[in-house]
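**Student:** Dumping what TrEMBL says about this protein:
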- 133-262: domain 'Fatty acid hydroxylase' (DOMAIN)
- 46-66: transmembrane segment (TRANSMEM)
- 125-146: transmembrane segment (TRANSMEM)
Amino acid sequence: MAVDAAYLMQFVDETSFYNRIVLCHLLPSNLWDPLPHFLQTWLRNYLAGTLLYFVSGFLWCFYIYYLKLNVYLPKDAIPTRKAMLLQIYVAMKAMPWYTLLPTVSEYMIESGWTKCYSRVGEVSWILYFVSIATYLVLVEFGIYWMHRELHDIKPLYKYLHATHHIYNKQNTLSPFAGLAFHPLDGILQAVPHVVALFIVPIHFTTHLGLLFMEAIWTANIHDCIHGNIWPVMGAGYHTIHHTTYKHNYGHYTIWMDWMFGSLRDPLLEEVDNNNDSSKKAE
């Protein structure tokens, strides 16, 4: 069914509003105002994504490596400055491509191709929260299998995902590793966010917020600190993923790994390591 053009303009007006908020504060108007709407949206996503990456990464590193030194991590587990600079370099090379995906998804939304709706008041609050929950389940399922196939399909691992897995020890992982991917790898793992738009009715701004929350979440799960909050797939689980390569492919929760037999608990891992150490001592 065709969507009314006046209704679709609500999406265009909203993205234009976000473009102005970001670009007006970061660039002179003569640099971005003449650009077509699509390029303005991409530039806004690129600048906002880059800013979010650096702000969240620096604040998190300052907190765990300086303010809480030796509280969460021993000094020898803190990554070197060289390792973090390499992660930033990889992430910055990929950022223009990462931010192309939300730009394309916004174009599809503005064109009426998805099930997005413009205003929360168009649905009941119950439907709003049910749709978010359904959306997140689909995203969780999609990211789990995309991530797992990036490991299981050898060419995909060799040419794409191995770029991220050079960080395979506690003292090489940092919040800046969260977006240190081959560009195509990062896009593939974010694609479930876009696919879900065609399946579940979701509020437009909520979708954008969830997509950009990825940057904060990926920073968090690469800090090697186990939060132990069930059923969250926190950094303790993800550190195991970076050291074994075959466990804990999930994103926000442990449910997919539990259902598909790839879950490994960091607390049990710690017990096993202690037992192994005791046997060696004997």
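Using N, Cα and C of the backbone, Cβ positions are placed for all residues, glycine too.
Keep in mind that TrEMBL annotations are predicted by a computer and have not been checked by a curator.
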**Student:** Cβ under 8 Å to the transmembrane segment (46-66), counting only same-chain residues 6 or more beyond its ends: which ones?
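**Tutor:** For the transmembrane segment (46-66), the list is 22-23, 26-27, 72-73, 78, 84, 88, 91-92, 95-96, 98-99, 174-176, 178-179, 212, 215-216, 219-220, 223, 225.
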**Student:** Quick check on the domain 'Fatty acid hydroxylase' (133-262): DSSP residue counts for helix, strand, coil, in that order please.
**Tutor:** 89 helix, 3 strand, 38 coil
